[in-house]
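Copied over from Swiss-Prot:
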TRANSMEM  9-29  transmembrane segment
TRANSMEM  42-62  transmembrane segment
TRANSMEM  91-111  transmembrane segment
TRANSMEM  129-149  transmembrane segment
TRANSMEM  185-205  transmembrane segment
TRANSMEM  239-259  transmembrane segment
TRANSMEM  269-289  transmembrane segment
Amino acid sequence: MLHIFLSYFYIIFFLIVFPTQLLLLYVIIFHSPKHLKTLKRIFLCNCSCQIFSMITLVLLQARQVSNLNPVELWCYGPLRYLDAIVAYTMYVLCEGTVLMSSILIFITMYVKYEAVRSIHRERSAKFSVIILSLSPLFITMSAEAYLTIEYHLPIEYQEKFSAINSNLGDHTVIGYIALDNIPAQIVFCTICGFFVIFPLIMFCLRRNIILFINSKLDLSSTTMRQQNRALINGLTLQAFLPLFCVCPIFICSFVALITKTEILLEQYFVSVVLLLPTFFEPYITFYTVSHYRKQVRIWLGKENMGSMMLVVSVSRL
């Protein structure tokens, strides 16, 4: 059975990724130079969101049964022993943190774009960009809050879930996904629209950054070229990651939801593909941020503090 295999996968995945996330969190807090003040805050928020979403997904081990009407959410993880409202609330919060993490990746790329092009905007303009970027999160969470209060929090719904789950063994039903009301349609359209538009914007920013870097290539030092190469490679990975991890499973979910076709890989692996960025993102951050990369190499005995000071000096230019 897939859920038995995945129960071991989730544990192994957690044991591998959680220490890496903690290491990244430590490096961000204690080894971020002062000139990375803005990026430090973004990295901290993103790392915290990814840690929370990873722990929640491992505890949930959710399955989205898309061929049923309405779509049922099944929980195979330890949270199945708690009330359905608790597991569903954690599912909604996880949905929000995954969306938040994706938005923060975009904001990170936008900040790098402004840094590369030496664009200095007023604080109000930066605030407007951040609010606009976070608007999908605000819309989704507002609609999800309404759905939770209206369709999951009332006593009669909790009693209904308790009656259903009393006869189940290896899983519990924690909630439903139905598109028969406006808030649910808003959530569906916002999330699907975001994960379609998000990679396109990322590729546009990546292209503009590469064009600008290439135009200044003759004036760059060897060290700066190496840092630019790492930056471009990191931007490429961040742009392609949602395209290959999230978009295919969302397309399968959309097809299954419309046609009511039973696609087991889609049902079980929705949570798995949402976990994948938590594996890749720490390594991308270590690789693209030269100060973090050098710090790790110092710990491994492959660099000395002199090279670290050189990186700090060059990165300020």
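Glycine is no exception: its Cβ is also placed from the backbone N, Cα and C atoms.
Pairs of Cβ atoms less than 8 Å apart link the transmembrane segment (129-149) most often to 185-205, out of 9-29, 42-62, 185-205, 239-259, 269-289. Taking every listed stretch (9-29, 185-205, 239-259, 269-289) in turn, the largest tally of C-beta pairs under 8 A with the transmembrane segment (91-111) is reached by 185-205.
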